[in-house]
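Over in TrEMBL, the protein carries these features:
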DOMAIN    51-250  domain 'Thiaminase-2/PQQC'
BINDING   ASP82, GLU121, GLU175  substrate binding site
ACT_SITE  GLU243  active site, proton donor
Amino acid sequence: MIGFVEFQDGAQGTAGGTPRRAEDGQAAWPAFAVWRSTAADPVFSEWLRSAAEPDWTAAVTHPFAAAISGGTADMRRYLIQDFQFVDTFTALLGAAVAAADRFEARVPFGRFLGQTVTDTERGYFHRALEALGVDAADMTSPELEPVTVSFRSLMDEARSSQDYSLVLAVLCVAEWVYLGWASRTVSPPEGFLHREWVELHSGPEFEAWVGFLRAELDRVGPALGEAAQRRVLTIFREAVRLERGFFDMAEG
Ligand SMILES: Cc1ncc(CN)c(N)n1
């Protein structure tokens, strides 16, 4: 059994250093087939997102994310840890190329992998970490925070599963949550550290990328059996919880 499956709805867990409680929004959630008969926006990705409350709203409105948008966040610990997140995230994108069920779905993953994460975003990390005076050891092998360890494990489990719906669920959380907070930015922050990080996660291209990830979940999710839909729900919720925990960690 892979690790995240152990965190069934309502179960206790400590991934990310934040204990999970049955009463904090992780309670039973109606099956997709039931939920969609009364939902205002009856798509699979919205079934997942709404099941991930209150963590979803807490992540996209997190004070640390707001401080990035406002240009005041201390980015040092956050970016050191996030560079390690991005390493595993890049491997997960590769898994999406391999696990996708058709050629036209592989293309956007391959493009984002080659043109954004390993190019623009990598360049940003190198310049940002240098500007922050981060030494080579902390750039390549820093001491990992518990939430970073948990997030990397979750991504590794999704990658090893080679299950497209699970890979997609984790990628979609990571990008959709980031679009959520970054698109709340009212005016671009002045310094490049904050401004470019907001730019990387907002704007028409990033919106289209998140739209693609959601559309893929909306395409493959309804065709899954109920047990498989629940597995997607479990990993989606866990990823949202870790996004919230990651901002908590960054805030200190
Ligand atoms: C923790 C985290 N989540 C999401 C992203 C957006 N790729 C990120 N850079 N870091």
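For all residues, glycine too, the Cβ spot is worked out from N, Cα and C.
ASP82 (substrate binding site) and the residue listed as 'active site, proton donor' have their C-alpha atoms 11 Å apart, to the nearest angstrom. Here the recorded positions are ASP82, GLU121, GLU175, GLU243, and the one with the most other Cβ atoms within 10 Å of its Cβ is GLU243. The secondary structure of GLU175 (substrate binding site), as reduced to three states from DSSP, is helical. In this model, the domain 'Thiaminase-2/PQQC' (51-250) carries an average pLDDT of 97. The residues near the substrate site, meaning same-chain residues not in ASP82, GLU121, GLU175 whose C-beta sits within 8 angstroms of the mean position of the site's C-beta atoms, are PHE85, VAL86, PHE89, VAL117, ALA174, TYR178, LEU200, HIS201, in sequence order. Considering only the residues assigned to substrate binding, ASP82, GLU121, GLU175, the longest pairwise Cα distance works out to 13 Å. Reduced to three states, the DSSP call for GLU121 (substrate binding site) is helix.
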